[in-house]
Amino acid sequence: MKDVRNMWIYIRENLKKNSSKFLFIILIFFVTMLLLTFSLGVIYTINYRIENELADYLLKKDFKNMKLFLQLGTGVLVGFSLFIIYNTYSIVIQGRKKEFQLLYKLGMKYKKIQQILSIESFLLSSVTAVIGLFTGIVFSRVFLSNYQDMKVEHIPIYIYLLVIVSAILFFIWCGSKNLKSMNIEVESKQKEGSTFKSQSTIKEKFLFRIKLALGIILLIVSIVSGYTTMKIILLFTGLILIFDPLIAGTLASLRFLSLRFNRLSLFVAVEENCWNIKRISSLISTLAFSVMLLVGMLTFFHSVKEAVVQKVDETYRFEHILVMNELSEVKEEKVKAYLQNLYPHATFEIALSMEIEKETNENTLILTGVSSNFKNIQVLEMEKEFNIKDFDLNNDSLNVLFPSQLAEKSKIKRNQVIDYFFDKDKSIKISPKDFYQPLDLQQVFTSKSALTEYLFGKDVKGIYNTIYLNRLSDEEIKEFTKYLSIENYNLMNIGDLKDKYKNQAIKQTEMIEAFIYALIFFSGAIILNMFILSISSRQRIYKGLLIMGMKRKALLISMLIEMSIIYILGVVLGWLFGLTFAEGGIKMMEEVIVFKPVINIPYLQVCSILVVIYLILVLGIILISRVILKEKNRK
């Protein structure tokens with residue numbers, strides 16, 4: 001009983017002593033649990049609505065997209081947070097290595113030390129998880145109750161329990177893994193220490209060489225690989241394999257240079273890390289992961305955004321659409337001659353269009369009959385090549401090009417005959433010959449001659465009520481309408497429509513970009529905190545160097561060099577991972593959208609953010625050095 005009581009007293013005092021170090025970990029974990037619970041509540045409620053309440057196809061599709069975005073965002077957030085928590089907690093535990101060695105030398109068994117660390121991990125994780133879950137539940141309920149009066153669905157209690165248990169096990173595993181890596185049992189045995197160290201060094205060198213060789217081979221294969229998906233997998237695997245060997249090789253090279261050219265600050269910066277690769281690897285991997293998200297997500301969303309903008313420009317070739325509510329008496333040939341002679345700089349297309357509705361009045365379509373060169377009006381991405389001349393009458397139905405979204409919603413198949421009504425009692429039968437995917441138009445295309453014949457008979461020609469116009473001013477269009485002798489018409493400005501779609505494409509990425517910026521600056525704060533913990537654990541070493549006569553300026557330079565090494569390696573590796581991440585995302589997007597984005601890296605934004613974060617880290621190191629290297633520490 002006395003041993004148990006002493007153990008709990010030790011745990012309590014240790015938590016008080018290291019409260020400042022644990023506080024940051026608790027904060028990250030709390031925010032993670034809050035956002036995870038909030039996202040689970042929203043996802044569960046949205047999924048319930050999709051399955052049980054929503055009947056409208058487009059609304060279901062919007063909710064499914066929202067659900068998918070939340071799932072992906074939650075997965076990235078949780079993975080990123082766990083990665084950061086693991087690295088930060090590892091640095092805290094590694095900084096207590098001498099403490100654990102002392103406890104072992106004083107007679108405490110390894111299992112007892114492991115038990116103490118497990119209890120600390122349990123207390124930290126369980127309390128934070130419960131508070132974070134409760135706060136997340138409250139936030140999700142408040143959000144959903146204020147969003148379209150959405151009924152909040154209760155998540156089964158076993159999901160919450162599963163999250164809490166998983167969080168506790170993660171923390172305990174993290175503590176045990178780091179304690180095991182310290183080898184305090186072996187290092188405390190003086191007789192066996194040198195033999196183990198020699199064997200460990202030989203084994204580590206062998207594994208490093210194997211990883212490096214295999215990683216280089218995979219990188220070479222990925223470069224020459226023609227299959228994109230396999231290339232991404234090989235590139236990711238190769239970068240992961242060369243990660244530790246690259247860091248070790250870089251440190252060894254810098255150590256050699258510091259000795260060769262007698263650079264004391266550089267030697268101090270790399271010497272300690274050469275014997276503790278795990279600590280610097282944690283810092284570099286955290287930074288690399290953050291930069292990967294920054295470069296990858298910004299590149300991905302900028303590429304998609306630019307592709308949408310380009311698609312809009314290619315799709316809407318005409319600036320204005322003149323739709324007449326009455327048929328003009330001016331013959332089509334005279335209209336063409338008028339436009340060609342008076343406005344030779346303009347381009348145009350004469351068509352016949354009408355609004356049609358299904359019997360249920362659910363969908364209103366624009367049925368447009370155009371000539372054989374209708375691609376000037378709208379570029380349609382088709383499942384296969386087609387010729388508009390093939391879209392002629394087939395028995396009593398009109399063959400058309402049909403929008404794929406509407407076909408999916410209405411479960412319409414190719415060559416199926418559909419009844420649509422117009423002018424109240426009049427109906428028209430259409431049959432989709434092929435499908436296309438417009439940006440946001442429920443427009444059905446057929447040949448102008450076929451539509452004219454279907455509506456007005458075989459011998460009727462030259463009927464039109466729609467003219468697509470390009471490179472004409474508003475005044476010129478006004479003069480043109482006077483020539484047509486029509487007063488009742490609608491003029492659509494496609495330029496405004498193009499700007500609308502472009503702005504939508506930009507606005508859809510603004511929230512995501514804001515999230516990325518917040519994430520990377522948050523990551524900068526985490527990296528700075530981890531570096532503070534790393535330097536704080538070496539405070540005695542710095543004191544000893546000051547006593548031995550090393551100048552404060554030289555020590556500050558060594559800290560800045562160490563931070564710069566970490567930053568450069570993290571940025572380079574993160575950039576490579578980020579481009580691979582973006583390439584994979586774009587590859588996936590090509591399967592669900594009709595246009596193919598190309599890699600578009602926003603260099604100015606990415607580099608500006610990276611420079612700002614570097615300057616913040618430099619300022620942080622200078623402030624830290626003023627505390628650690630102050631004069632009274634030399635005594």
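Positions of Cβ are set from backbone N, Cα and C atoms, glycine also.
Automated prediction, rather than curation, is the source of TrEMBL annotations.
Note that the structure is a prediction, hence the values are computed from the model and not measured.
Here TrEMBL flags 21-48, 68-95, 116-143, 155-174, 206-227, 233-259, 280-301, 514-533, 554-582, 602-629 as transmembrane segment. Look at TrEMBL and you will find 76-183, 515-628 tagged as domain 'ABC3 transporter permease C-terminal'.
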Select the range from 21-48, 206-227, 554-582 that forms the most Cβ-Cβ pairs under 8 Å with the transmembrane segment (116-143).
21-48
DSSP on the domain 'ABC3 transporter permease C-terminal' (76-183): how many residues come out helix, how many strand, how many coil?
90 helix, 0 strand, 18 coil
Output the single range from 21-48, 233-259, 280-301 maximising the number of Cβ pairs under 8 Å to the transmembrane segment (155-174).
21-48
Stretch-averaged pLDDT - the domain 'ABC3 transporter permease C-terminal' (76-183):
79
